[in-house]
Amino acid sequence: MVVQNVQDLDVLPKHSSDSFDDDGRPKRTGTVWTASAHIITAVIGSGVLSLAWAVAQIGWIGGPVAMLLFSFVTFYTSTLLCSCYRSGDSVTGKRNYTYMDAIHSNLGGIKVKVCGVVQYVNLFGTAIGYTIASAISLVAIQRTSCQQMNGPNDPCHVNGNVYMIAFGIVQIIFSQIPDFDQLWWLSIVAAVMSFAYSAIGLGLGVSKVVENKEIKGSLTGVTVGTVTLSGTVTSSQKIWRTFQSLGNIAFAYSYSMILIEIQDTVKSPPAEVNTMRKATFVSVAVTTVFYMLCGCVGYAAFGDNAPGNLLAHGGFRNPYWLLDIANLAIVIHLVGAYQVYCQPLFAFVEKEASRRFPESEFVTKEIKIQLFPGKPFNLNLFRLVWRTFFVMTTTLISMLMPFFNDVVGLLGAIGFWPLTVYFPVEMYIAQKNVPRWGTKWVCLQVLSVTCLFVSVAAAAGSVIGIVSDLKVYKPFQSEF
């Protein structure tokens, strides 16, 4: 008699229908490709722009090895996390709609609150990082126009505050989209844009290497005493920059905190866990190839002077029109990525508000507005006020602290170990009843502890960088 594991059966869960899923919610429509688009939109973001700088800090050996290791860890722990979307049976078990729901079902207790704080602080910080990155790209577009008129030697300093405000206004509008599932089209557009500017950066890097007639860089990266764009590198700076570069690479692979929310958009059959494993493999494989190419080619082109933002910090100067297209693509991508990251935070706050104030019309009432022919738009006053306040806050903080590389490194360090490694590992151990002190348990714990040390080191390097920047920075005078 052949016994087949129920996890391998692509069956439709009970109590589902043509219009609704087994949990009574509207039928989910996500596929491998839409899930991959969501992930790629989240992963290939502004982090790719700092990879050449990160590789420059640790060299031709450390750079590629670090990217490969981070990609492996991210893929492996993401497959563990995929298994936690449903509690119990992976096909018919109770759904966990958010990352925190999965923590609550599998771990419970104080870990739920700790996870919530880390996850939502990281999402909040990512919104700040994306606002800064968008302003840098818009400033770069204005700078190329200025240098076309005044010559390439004109520094053309531009205040980025107006662009941060403009980006914030756009986000206020898009943030009124009620649900994550309705963002599929924005994610696809953003994913296409991410490929576009990554490809342009890669092409410009290759052309720069050909122009130089040499491959720059060294096996161990920037050496003590080297004069870079930001000054002479001291021994302590070498250490802190090495740690910060690990944070930048970790941030480039950061998406675990929204993986469960993405999985909740996927239809079944086939089982959601199978779809997400495929989507995770496709996404991580594609992004790793892009990261290796962009980071290594950028380092080969500029060596120790690789800029913090490959397309906007003066690394390339020609052709102007292509640089403008690349930076515009970055901005369009960041509009979508901002929403992909913030929707889980929006949903959490609105769910809590509805639970605490179920009788309040301000919180719960949906006002139907017919903007265009067809389906009316649902306007919720609490959603309007809260999401607008959130965007305004992230914009204000971005104007106060526009340190792209340091912020990116700190975000990567804060989020990588707890969200990408620790909680997925602990949930998997709890759900699968992995025996304590068994071989698998020990291997998982070694992985977790190793990543903890990496995160602490990366956070320290980024904090030192922010402190150094604050010594010379004047608030609301963000010139790039």
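One is the number of the first residue shown, and numbering goes on along the chain from there.
Backbone N, Cα and C atoms are what each Cβ position is placed from, and that goes for glycine too.
Source: prediction; values computed, not measured.
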Are LEU219 and LEU444 on the same side of the membrane in Swiss-Prot? no
Contact between the transmembrane segment (281-301) and the transmembrane segment (384-404) (3 or more Cβ pairs under 8 Å, separation 6+): no
Is it true that the transmembrane segment (158-178) and the transmembrane segment (242-262) have 3 or more Cβ pairs under 8 Å, skipping pairs fewer than 6 apart in sequence? no
Using DSSP, how many residues of the topological domain 'Extracellular' (204-241) fall into helix, strand and coil, respectively? 16 helix, 4 strand, 18 coil
Can you tell me which recorded stretch out of 53-73, 183-203, 329-349 has the most Cβ pairs within less than 8 Å of the transmembrane segment (384-404)? 329-349
Maximum Cβ pairs under 8 Å to the transmembrane segment (329-349) - stretch from the list 32-52, 53-73, 121-141, 242-262: 121-141
